[in-house]
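What Swiss-Prot says about this protein:
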SIGNAL    1-18  signal peptide
CARBOHYD  Asn53  N-linked glycosylation site
DOMAIN    148-175  domain 'PLD phosphodiesterase 1'
ACT_SITE  His153  active site
ACT_SITE  Lys155  active site
ACT_SITE  Asp160  active site
CARBOHYD  Asn225  N-linked glycosylation site
CARBOHYD  Asn320  N-linked glycosylation site
DOMAIN    357-383  domain 'PLD phosphodiesterase 2'
ACT_SITE  His362  active site
ACT_SITE  Lys364  active site
ACT_SITE  Asp369  active site
CARBOHYD  Asn378  N-linked glycosylation site
Amino acid sequence: MMMKLLFLIALFGCVVNSIRINNDNGLSFQSNCLGGSIQIAESIPLALNLQSNLSTHDAWMELITNAKKSIDMGIFYMTLTDGGQLDPVYGGQLGLDIYKALVDANSRGVSIRIVQNQPSSSMPDTDTQNLAKLGVQVRSINWPSLVGAGILHTKVIVVDQVSAYLGSANLDWRSLAQVKELGVLFQNCPSMVSDTEIAFQQYWDAAVVTELPSDWGVQYQAAYNQTNMASLLLNGNEKFEMFLAVSPPQFVSTDRTGDIDALVSAMNGATKTICISVMDYIPASLYNSPNTFWPVMDNALRAAAYNRGVQVRMLISHWNHTNYAIPQWLHSLDQVNNIDVRWFVVPDFPNEPQVPFTRVNHAKYMVTDEQSYVGTSNWSEDYYTNTGGLSYNIYNDEFTSQLQSIFDRDWNSPYSFPVTTY
C-alpha cells in the first residue's frame, strides 16, 4: 500500500505541475515540456553506407550520464560487455561505454532498476548479475508463467521520470554496432514520460507475483490514450499529440490503448501513404503450436490500398534467420494494386568471423501521411497477443516528415531489393 501511495504521489505530482496553454485551434498544450525535445535515434551497422543524425549509443549516453535520481529499464536482455572480447573493429566498445555509464551512475547515487525477461542459456544475465553485485536492483520476469506464452520484448529506458528512450534496440552492443535500429529519445517531458513510467512499473511489479491482476487498479491507470492524447510543446514550440500503447492485452490497464488497436487505427486513418519498416511481417503466429492465421494487420493494409487508394510501401528484413513462412505472404501483398513490398538486406561485415544474430534491419516503425508509429514489436500475432511490447504514437508534421525521410533513404538505398528476389 505504501508503494502504491508513493507512486501515486509521484505520478500526480507531474500532472499537477503541468500548466496548459491554449492555442488558436482551441487545443490545450502542456507547458511542462517547454524546453523538452523528441528526436529519432538510429543504429546504423558498421560498414553500412547510410547517415543518421543521432545514434542509439549517443542517445543512451545522453540519458544515462545526465541521470540525477533514477534510471528504470524494461528490457528483453542485456549483453553490453561481451563485444569487448572481439577485435575493436566490430564495435564492442560501444556496449562497454553504456555499461560503464550505468556503473558510474550507480556510483554517484542514481537509483537503477532493471526488469528483464527470465534469463536463459541463450540469453544470459551476466551483465545484470554484475550490476546487481554493485547495488543495482534487478528483477527477472517469468513471462510464460504469467501470460501463458511469449516474452518481455520491450526496450524502454526512463530517466528521472522526465526523459526516456523507446525503440527497437536491445541492451546489446550488437544493437549499437552491428544491427540496424530505430527509436525515440524524449528529454525533459514529465507528462508523457511519467505515463511511460507506469508501463515500466507494471513490469517491475509483475516480476514478483505469480498471477497478474484482473484489474490493474488506479495506480496503473493511463494518463493518455488514443482518444485522449497528450498535447505537448516540444523542440522549441512545436505542437505534438501522442500516446503510449501497450501489448499484450493482459498488460492493458485502465484507459490504456492496446498496441494492435493503435497500429490498425493508424493504418485505417491513412489517406495517402503507409510506409512500414519492420524485421518480420506475417499475418499469422510464428511461435505457437500450431501456428494460426491472424489477418488483422493484413486486412487493414489491403483495405487501405484497395478501398481508399492508399499507397503502401513495405520494407521487410531478409537475413539468415528469416522465417521460411514469411515470403509467401509478402509476395501475395505485393500483387495488390497500390502495395509495393521490398526486402532490406544488410550485407555481411567485411571482417571474419561474422557475429551471430547481426547484420539485419531490426526496426519496427510505420509512418503514414497522418502520423508516426514507433514500437518494440515485430509484426506477427504472437507479439501483440502474448508478448510484452510498447509503442509511441506521434502526431506532428515535422517529426513525421523526418521519419518519412529515413524510410525513403532506406527504400532508395542499395540495400533494398524487390520482394521477388527471395
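Each Cβ is built from the backbone N, Cα and C atoms, and glycine gets one as well.
Feature map: Swiss-Prot annotations on the structure.
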residue : record                      : Cβ contacts under 8 Å, 6 or more apart
Asn53   : N-linked glycosylation site : Gln39, Ile40, Glu42
His153  : active site                 : Phe76, Asn117, Thr376, Ser377, Tyr383, Thr387, Gly388, Gly389
Lys155  : active site                 : Gly74, Ile75, Phe76, Tyr165, Leu166, Gly167, Ser168, Ala169, Asn170, Leu171, Gly183, Thr376
Asp160  : active site                 : Ala67, Lys68, Lys69, Ser70
Asn225  : N-linked glycosylation site : Phe243, Asp255, Arg256, Thr257
Asn320  : N-linked glycosylation site : none
His362  : active site                 : Ser168, Ala169, Ser175, Val179, Lys180, Glu181, Met279, Ser317
Lys364  : active site                 : Gly167, Ser168, Leu182, Ser277, Val278, Met279, Val374, Gly375, Thr376, Ser377, Asn378, Trp379
Asp369  : active site                 : Ala270, Thr271, Lys272, Thr273, Thr400
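Taking DSSP states H, G and I as helix and E and B as strand, the domain 'PLD phosphodiesterase 2' (357-383) has 3 helix, 11 strand, 13 coil. Summarising the environment of Asn378 (N-linked glycosylation site), the number of other Cβ atoms within 10 Å of its Cβ, over all protein chains shown, is 21. Per-class residue totals from DSSP over the domain 'PLD phosphodiesterase 1' (148-175), listed helix then strand then coil: 3 helix, 12 strand, 13 coil.
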